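Features as listed in TrEMBL:
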BINDING   Asn111, Arg112, Asp283  beta-D-galactose binding site
ACT_SITE  His208  active site, proton donor
ACT_SITE  Glu348  active site, proton acceptor
Amino acid sequence: MKDIRYFSSPIIATLLFFCACGTNKNDLITKSGLEVRNFERALNGDSTRLFVLRNMQGAEICITNYGGRIVSLWVPDRSGKFSDVVLGFDNINEYTAKPSSFGATIGRVANRIDHGKFVLDGDTVRLDINSGEHSIHGGAAGWQNQVFKGSKLTDSTLSLRYTSADGEGGFPGKVDVEVAYTLRADNSLSIRYTCTTDKQTPINLTNHSFFNLSGDPTNSILGDSLYVNADSFTPLRPDLITTGNYQSVTNTAFDFRKSTAIADALGSQGNGSDQLAIVGGIDHNFILNTDGDSSKLAASLYSSRSGILMDVYTDQPGLQVYTGNMLDGSRTGKKDIVYNKQAGICLESQYFPDSPNKPDWPSIMLQPGNTYKHVCVYRFSTR
C-alpha cells in the first residue's frame with residue numbers, strides 16, 4: 001500500500017484550520033468584498049472577528065464582534081443587482097484607531113445624558129463625560145468599544161454576548177447583554193436585545209448603522225424619501241440635550257407622516273427650522289404612534305435610484321432619525337469612498353434621550369430580576 005501521508009497532510013491541515021477557526025471557506029472573502037482576515041485581531045485580551053450571515057435569497061450581512069457592529073449589508077435592488085447599503089470600513093483597525101459609532105450596538109444608554117449625571121434612589125450617579133459637558137452613548141467605555149463573545153447559531157443567526165462590569169462608564173450594576181441578529185428569508189434583518197442586571201441601572205440600546213439605499217455612498221441621502229409614523233418629536237436645547245417637552249410635527253420640517261424627500265424637509269424655512277439649525281439637519285427622537293407593537297410600521301426609507309425600500313418595525317417608543325450631519329469627509333470607508341455630509345442616515349429604535357433626567361417620560365430603569373427586551377426589524381424590498 002502506498003504511503004500517502006505527504007500529500008494528505010496539507011489537506012488535513014487545511015481542514016483542521018477551517019474547523020478550528022469556525023470559518024466557512026466560502027466566507028474568507030464576502031459577497032460585499034470584505035476579507036475576513038482583516039477583522040481578526042487581539043484586542044484587550046479578546047479576539048475580534050467578522051461573522052457572515054446569509055439567507056437563501058442571496059442576501060448577506062457581515063458583523064464584527066467589536067462593538068456588535070454591522071459592517072456590510074448586501075441586498076438586491078429593483079433589477080436584482082446586489083449592493084451594500086450600510087456605511088462602514090474594510091478592516092478592524094479603522095474601527096479601533098478612530099472611535100466612532102458606525103454600525104455599532106450602543107449601550108448602556110444611547111444618546112446624551114445631561115451633564116453625565118442623574119439621581120438614583122437619592123444619590124447622584126456620575127458618568128463619563130465624552131461630549132462637551134455631557135455623556136453620550138455610554139461614555140468612552142460604551143459597548144460600541146467593547147469586544148463581544150460571538151456564536152453563530154445557524155447560517156443566518158448570530159448571538160453576541162457581553163458582560164458590562166459594575167461601575168463601567170460610571171453606571172451601577174453588572175449587566176449581561178445578548179444581541180441576536182437574524183437574516184430572514186424575506187430579506188429582513190431582525191435585531192433582538194436582552195439584558196439583565198444585579199442592580200438598578202438605566203438601559204437604552206440601539207443600533208447605529210448608517211444606511212444608504214442607493215448602494216453608493218457618493219450619493220447623499222437627500223434624494224431619498226422618508227416616512228415616520230410619529231405625530232410629535234422631542235426638541236433639543238442648543239447643547240443638544242432634549243428640552244423635556246414634546247412638539248407636534250404638524251407644519252414643521254419634522255412631519256414625515258407622508259413619505260417626504262429628505263432634501264425638502266431639510267430645506268424647510270418654516271416651523272422647526274430652528275431645530276434643524278441646531279444640528280445642521282435632523283438628529284432628533286420621534287415619538288412613535290405604534291404603542292410598542294412591533295407589527296406596526298414605524299418608518300420607511302426609499303431610494304428612487306435603486307428602488308430599495310427599507311421598512312422599520314420595533315417595540316420601542318422612539319426612533320432617532322439622524323441625517324448624517326456630522327459626516328465631514330474625514331473618514332474613508334469601504335471601497336475607498338469618502339463619507340461626506342449626509343452620505344448615510346440612521347434610523348435608531350430607542351427610548352427617549354436623557355430619560356433618567358425626565359421623570360415624566362417612559363422609564364429606562366432596569367430592575368434586578370427583570371429582563372430588558374427590545375426588537376428592531378429592518379425589512380428590505382423593492383418597487
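Glycine is treated like the rest: Cβ placed from N, Cα and C.
Keep in mind it's a predicted model, so treat the numbers as computed, not measured.
Where TrEMBL records a feature, it is marked here on the structure.
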residue	record	Cβ neighbours (10 Å)
Asn111	beta-D-galactose binding site	27
Arg112	beta-D-galactose binding site	22
His208	active site, proton donor	21
Asp283	beta-D-galactose binding site	21
Glu348	active site, proton acceptor	23
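Sequence-ordered, the extra residues of this chain that approach the beta-D-galactose site, with Cβ no more than 8 Å from the Cβ center of Asn111, Arg112, Asp283, are Ala110, Ile136, Leu236, Leu240, Thr242, Asn285, Gln320, Pro353.
You'll find the Cα of Asn111 (beta-D-galactose binding site) roughly 10 Å from the Cα of Glu348 (active site, proton acceptor).
Of the candidate recorded positions, Arg112, His208, Asp283, the one lying closest to the residue listed as 'active site, proton acceptor' when CA atoms are compared is His208. Largest CA to CA distance in the beta-D-galactose binding set (Asn111, Arg112, Asp283): 12 Å, whole number. Comparing Asp283 (beta-D-galactose binding site) with the residue listed as 'active site, proton donor', their Cα atoms are 12 Å apart once rounded.
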